[in-house]
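See structure below.
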């Protein structure tokens, strides 16, 4: 398995979805519910019969709706397609018991619509508009950015606009993220060693970080609280943090992994907490407090300081906190392809390795209280 997502619209129960990648069997989506009071994981399985799952994402507005990118073989060619699905009604909200009878019928997903990519190439990922009503999605297919409108209860996807990467060679997007800032009018994409920003209204490029990494860029994520901050990771084993207003140099670089970094994720509530997963089989939780929205340990508000004198006092007392690696998790024995924070509990996260092992961990309690108090 390599596809993992929290159920974004579920903010009460702790729930993750995992997509499998099996060549021989019918592929599945596993709905993982974590009962944190009793430390029990419950699992429900949905059949995904169309092919092995490369990417999975969930609607921010509708608990029952998700999108997958999957491999399909036709005329001995393998294509990566994308589709929007609905899970059975009774599984939409979290905290479900596992079916007692292991032989109980596995349920199937209901296909809502395909994102037709016949003209555009292989789908790399599907991104939902973060604050939206679940009707707008962007997909990346080879060198195309496609903006879709889902209509008629998501049963139809209409391509509303698109743009393509121009240039020499076989340009292909590897991943992208939709920014929660600027009224959700910006996305960032990665192709080869370059990170680009795009305005979804004009579909024009707004910034470009050439050679953001020495090798392929694998993943991106936006700081949820600071609007110009973007994290990237890649095959040069590095995680870099950028201010998109000035892209000549990264603001910070993390060099803790010893192999390709597949995934980087900001915590949704406390943006100093950064998760990374790598094919060195490790998950690393870092505290990047110096570039967070709380560099002095609490939200700094200019109104708190009345005049120059107070400001001077304040500066003497408050030193920026130090960045550090909080913890390294080594429960995986295979490449970690995905790390995700829970949508319901800001202190909880999941990681997924290629051998199909899903591990759920918590931010260490001492750090949690240090951040909160």
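Along the chain as shown, the residues are counted starting at 1.
Note that Cβ sites are derived from N, Cα and C of the backbone, with glycine treated the same way.
Segment annotation: TrEMBL labels region 'Disordered' over residues 300-319 (candidates 260-279, 280-299, 300-319). Confidence annotation: the domain 'EIPR1-like beta-propeller' (2-285) carries a mean pLDDT of 92 in the model.
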